[in-house]
Structure formats: C-alpha cells, structure tokens
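Taken from Swiss-Prot as is:
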type	residues	note
BINDING	Gly149, Pro150, Ser151, Arg152, Thr153, Ser154, Lys155, Thr156	ADP binding site
Amino acid sequence: MTKLIIHLVSDSSVQTAKYAANSALAQFTSIKPKLYHWPMIRNLELLNEVLSKIESKHGIVLYTIADQELRKTLTKFCYELKIPCISIIGKIIKEMSVFSDIEIEKEQNFNYKFDKTYFDTLNAIDYAIRHDDGQMLNELPEADIILIGPSRTSKTPTSVFLAYNGLKAANIPYVYNCPFPDFIEKDIDQLVVGLVINPNRLIEIREARLNLLQINENKSYTDFNIIQKECLEVRKICEQRNWPVIDVSTRSIEETAALIMRIYYNRKNKYNK
C-alpha cells in the first residue's frame with residue numbers, strides 16, 4: 001500500500017474538503033491515506049501553525065478558505081515546498097462569477113447563514129427523530145420520503161442522513177406476522193422506498209445487536225426463514241405498488257441515501273415539468 005498524506009485546511013468545518021478527498025480516494029485501492037484536519041483557520045496566526053505541520057508532514061493540501069490573503073499565504077508556502085495545493089471550490093466560484101457576470105464579493109463574513117436551507121434541515125432532522133420506527137403515522141403526509149423494511153436494514157441512519165440533506169424522512173419497520181399500517185392501502189404522494197438485505201447478512205447484524213444488549217431469548221429475531229419472509233414480503237408490498245426497492249446488503253448508508261435522493265429528485269423533476 002502506498003501511503004499518502006493529505007492536509008485538509010478550512011475556515012469552516014473541513015467537511016467539503018473531506019468529502020472531496022474521500023471521493024477521490026475511492027478511485028484508488030492501493031493508497032493508504034492519512035488525513036490531517038485543520039478546521040476554523042481564520043487568521044494568519046492559526047494558518048502559520050498549520051504551515052509548520054505541513055512542512056513537517058509533506059503531503060497534498062486541499063483547502064476551502066475564503067480570505068484572499070490567507071489563500072495567497074497558503075498557496076505560496078506550498079509552491080515553495082513543491083507540494084500540491086488545491087482549492088476545492090475556487091474553480092467553481094470563478095466560473096460562477098464569469099458565467100453570471102457578477103464579481104466575487106470581497107467582504108468575508110464568517111457568521112453562519114441562518115437561511116431557509118438551514119431551518120429546513122433542522123426541521124427535517126426533528127421530523128426524522130419524531131417519526132422513527134413507525135411513530136406518529138398520522139403525520140406521514142408531511143414526509144418527503146417514507147422508508148419501509150425489516151428491522152436493522154439501516155432505516156434510521158438513512159433517514160437521518162436524508163434529513164441532513166433537507167429531506168423529511170419517516171421510517172416504518174416490517175415485522176413478520178404483525179399487521180402493517182394501513183397507509184399502504186391509500187394513494188399517497190410521498191416517495192416510498194423499500195429497504196431489503198441478504199438474510200445471512202441481516203442475521204449477523206441482528207445477532208451483534210442482541211449480544212450488545214445481552215439478550216439471548218429472542219430466537220425469532222435471528223431466524224433465517226422469518227428474516228427471508230420479511231424481506232420477501234417487503235419486496236412484494238413494494239412491487240404491487242410500483243415502489244422502488246433497494247438492497248442494502250453491500251451499500252453504505254451514504255450510498256443508500258444517495259440512491260434514494262436520486263430517485264426522489266428524478267421523480268420531483270418529472271412532476272415539475
């Protein structure tokens with residue numbers, strides 16, 4: 001494995017640089033990365049501390065810094081060390097300015113923008129928490145997305161991830177031999193997505209959960225036949241109603257959420273034509 005040092009430098013949380021780095025690293029199977037996070041770098045004193053670390057640990061520098069003087073100092077320093085220094089959004093900002101014929105604003109304001117997007121995200125997170133695991137079904141019409149699936153198919157973390165992207169997601173568990181909420185018999189506008197998983201994989205996850213909780217008596221929870229029937233029934237429910245189904249057996253939460261968002265926005269764009 002080839003070791004690669006990456007410095008993530010930001011005047012905010014470094015999440016943008018981190019996502020960009022991880023997306024790029026996903027293209028390489030033979031690289032073992034070491035990421036150094038340098039958030040909230042907003043003055044020269046803090047930047048100089050980072051520069052000394054970069055000097056002692058040479059590697060690629062990815063940055064998102066708004067202040068022009070700080071950017072110049074960082075890029076000049078890296079140029080002299082002959083190491084790559086890449087602005088994650090610099091090219092995007094420049095192209096936006098050129099295309100819109102609007103100059104980039106010189107004044108920097110580090111106060112977070114409490115705009116509509118921010119409050120929509122807070123509301124979506126609150127909604128996901130209150131409508132987890134089949135709670136408050138009477139408020140399902142407020143959801144953007146409804147997830148259904150057997151227990152431990154990542155419905156809750158996927159709902160929260162969707163919420164961080166501003167989408168209100170409710171989730172409802174399917175339990176073998178238990179009546180499913182009657183909302184499935186109604187015509188609903190929300191996107192409903194079924195989550196299923198390989199039964200053997202789900203057994204592993206559920207057994208780990210029971211061991212963590214020190215529970216040894218719930219045999220039906222890890223019974224292969226019951227788990228298989230739960231997944232088959234979820235598929236059947238979704239197929240009868242033309243609802244999409246996603247197999248999460250080998251998918252990360254981020255990947256599952258991304259697929260759901262693609263379906264959601266494709267559907268939304270279709271209706272908005």
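Keep in mind that glycine also has a Cβ here, set from the backbone N, Cα and C atoms.
Residue density at Thr156 (ADP binding site): 18 other Cβ atoms are found within 10 A of its Cβ, drawing on all protein chains shown.
Fewest Cβ neighbours within 10 Å among the binding-site residues Ser151, Thr153: this applies to Ser151.
If you take the C-beta of Arg152 (ADP binding site) and look for same-chain residues 6 or more apart in sequence within under 8 angstroms, you find Leu202, Ile205, Arg206, Arg209. Same-chain residues that are not part of Gly149, Pro150, Ser151, Arg152, Thr153, Ser154, Lys155, Thr156 yet have a Cβ within 8 Å of the Cβ center of the ADP site turn out to be Asn171, Pro173, Leu195, Ile197.
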